[in-house]
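The structure appears right after this line, and notes come after that.
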Ligand code: G3P
């Protein structure tokens, strides 16, 4: 199995931008260094550059648009997030959903820019469909459990197992992340036992009183 990947989406939480993003990055860098685990952050766009400059962590954009550089206004271009220091990007998060055609274009542009890609999906069928684009990771996140505090790895392990099957039947090499409601080392262990390669989470870390303690717990059972 590949090194487990813990990707923390800072979303637009107040607790996840500016100085707060830096504090989480500092803890994440320390814990990744002390353990055999890869920890990445997906901050807001304004924090991509500072996090990339000050910390040795994979930094992901939360979204890129299906547009190439040129005469577009208010869009996020894959090449620009790469230039700002992002090493990867989420695509099609449930809170930033795209059409299938736009998922394909955004993914192609992210790849062309040299970004690592995580396509988020909401069910087994979209997980299988996304596998045809050969992203690095597919993150399966049932929308009703996002931000709920109820872990998908406990509430709906079947969707994880069936997504892994759907993805692997299309592309053996695509890795899968478990997302929604993840907040403890037990959730991470279950996600790995279900055949996934790590987790995508947000509120469990970002909204915690002590994000570093949660990060330590997340890696404790790997
Ligand atoms: O991108 C991560 C996500 O949508 C899950 O959010 O708060 O349930 O960990 P959360």
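Here the Cβ of each residue, glycine as well, is placed from N, Cα and C on the backbone.
Around the Cβ of residue 93 (active site, electrophile), a 10 Å sphere holds 25 further Cβ atoms from the protein chains shown. Per TrEMBL, the feature active site, electrophile maps to 93.
In three-state terms derived from DSSP, residue 141 (active site, proton acceptor) belongs to neither a helical nor a strand segment and is classed as coil. The active site, proton acceptor annotation in TrEMBL covers 141.
Taken from TrEMBL, the feature substrate binding site covers 9, 10, 11, 146, 181, 202, 203. DSSP classifies residue 10 (substrate binding site) as coil under the three-state reduction.
All chains included, 23 other C-beta atoms sit within 10 angstroms of the C-beta of residue 146 (substrate binding site).
Checking Cα-Cα distances from residue 93 (active site, electrophile) against the recorded positions (10, 141, 146, 203) with a 10 Å cut-off leaves 141, in sequence order.
Listed recorded positions: 11, 141, 203. Those with a CB atom under 6 Å from ligand 1: 141, 203.
Residue 11 (substrate binding site) sits 15 Å from residue 141 (active site, proton acceptor), taking the Cα positions as reference.
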